[in-house]
Amino acid sequence: MGCLGNSSKTAEDQGVDEKERREANKKIEKQLQKERLAYKATHRLLLLGAGESGKSTIVKQMRILHVNGSNPEEKKQKILDIRKNVKDAIVTIVSAMSTIIPPVPLANPENQFRSDYIKSIAPITDFEYSQEFFDHVKKLWDDEGVKACFERSNEYQLIDCAQYFLERIDSVSLVDYTPTDQDLLRCRVLTSGIFETRFQVDKVNFHMFDVGGQRDERRKWIQCFNDVTAIIYVAACSSYNMVIREDNNTNRLRESLDLFESIWNNRWLRTISIILFLNKQDMLAEKVLAGKSKIEDYFPEYANYTVPEDATPDAGEDPKVTRAKFFIRDLFLRISTATGDGKHYCYPHFTCAVDTENIRRVFNDCRDIIQRMHLKQYELL
């Protein structure tokens, strides 16, 4: 009997346990409330757009501007990716010389063995980037035939950073090469899956989600739609004369327009506004001024397009460039105004994702818009 009496808790002990439970529950509830408030205070931005539009470069800019950029170890890890970009670029160009119509011969026949060497190493995945490789690349890039083939790169699939890194082959080949911020911005690595970047601007928390833009990646987008503050849609304006990698047939800008329309009219996104980044303005200007690929050859309606009276060109901007960029802007705005129901809006901005100052300025301009969307999202406006 004595043993049974000792095993039961006194009323006083039970009271202490109950008090501890209540205090523990209070702490948990307080923490949950804190997390709920932090969640509500966070601006969630979803980056969407077709493949190779510049979404990942925008994320890199946010890291440079708001997360102290990349540390030395991260830069070191990117060296292999950058050298792979060089290899992919030169392999693609020399391989295309014989396949485009009409084909392009080497200007210097003595470079033939170099071209053969580059083609021979194309399938090697764990390639050792020797000085021999860099010497061959440098000589080939100096060949006028290779340059002529590069000028026709809209006829085949070439990464945007090809010229940038081929022109910097001397520094990229150095044993003690350290990538610059601009090198990191230019480096092309295929985005597969969903990547989240967190940063803070003036004590406001932002979560930016970058998802792959290729067709087979888009099924993953739906996972990111929950509680999104705003969509940043990135369109490569310079792609008006290019075709997508997936089928080598569909015009890239048409694909971007179709994708934008499907997002704009998506029933799950009818209340989420879109910030439209009309990207690659630097490359668009180069193409327009070069005059080799005319926009009207791909978009016949351009022939009758007139720049709106309220259009404001950049200082010193060529009128041909102004007309081209506003034409592309209006292609997207035509979609948003045709089916808009007043529940969401489209805010266009001209961007150059590799230009840090441009992205700083544009993102600062967007912050007020994002804040208004956030207040509306939680019915505070």
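Any Cβ shown, glycine's included, is placed from N, Cα and C.
What Swiss-Prot records for this protein:
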| type | residues | note |
| --- | --- | --- |
| COMPBIAS | 10-25 | compositional bias 'Basic and acidic residues' |
| DOMAIN | 41-381 | domain 'G-alpha' |
| LIPID | Gly2 | N-palmitoyl glycine |
| LIPID | Cys3 | S-palmitoyl cysteine |
| REGION | 44-57 | region 'G1 motif' |
| REGION | 183-191 | region 'G2 motif' |
| REGION | 206-215 | region 'G3 motif' |
| REGION | 275-282 | region 'G4 motif' |
Segment confidence, the domain 'G-alpha' (41-381), expressed as mean pLDDT: 93
Positions on the same chain near the region 'G2 motif' (183-191), where near means CB under 8 A and six or more residues out: 52, 55-57, 60-61, 64, 70, 75, 78, 81-82, 85, 159-161, 164-165, 168, 210-214, 217, 353-354, 356
Sequence-remote partners of the region 'G4 motif' (275-282) [C-beta within less than 8 Å, at least six residues beyond its ends]: 49, 53-54, 58, 160, 230-239, 260, 325, 328-329, 332, 346-355, 362, 366, 369-370
Positions whose Cβ lies under 8 angstroms from the region 'G1 motif' (44-57), at least six residues beyond its ends: 159-160, 185, 188-189, 191, 195, 206-215, 217, 221, 224-225, 227-236, 239, 244-246, 252, 255-256, 259, 263, 277, 279-280, 351, 353-354, 370
Residue counts (helix, strand, coil, in that order) that DSSP gives for the region 'G2 motif' (183-191): 4 helix, 0 strand, 5 coil
Secondary structure content, the region 'G1 motif' (44-57) (per DSSP, counts of residues): 3 helix, 5 strand, 6 coil
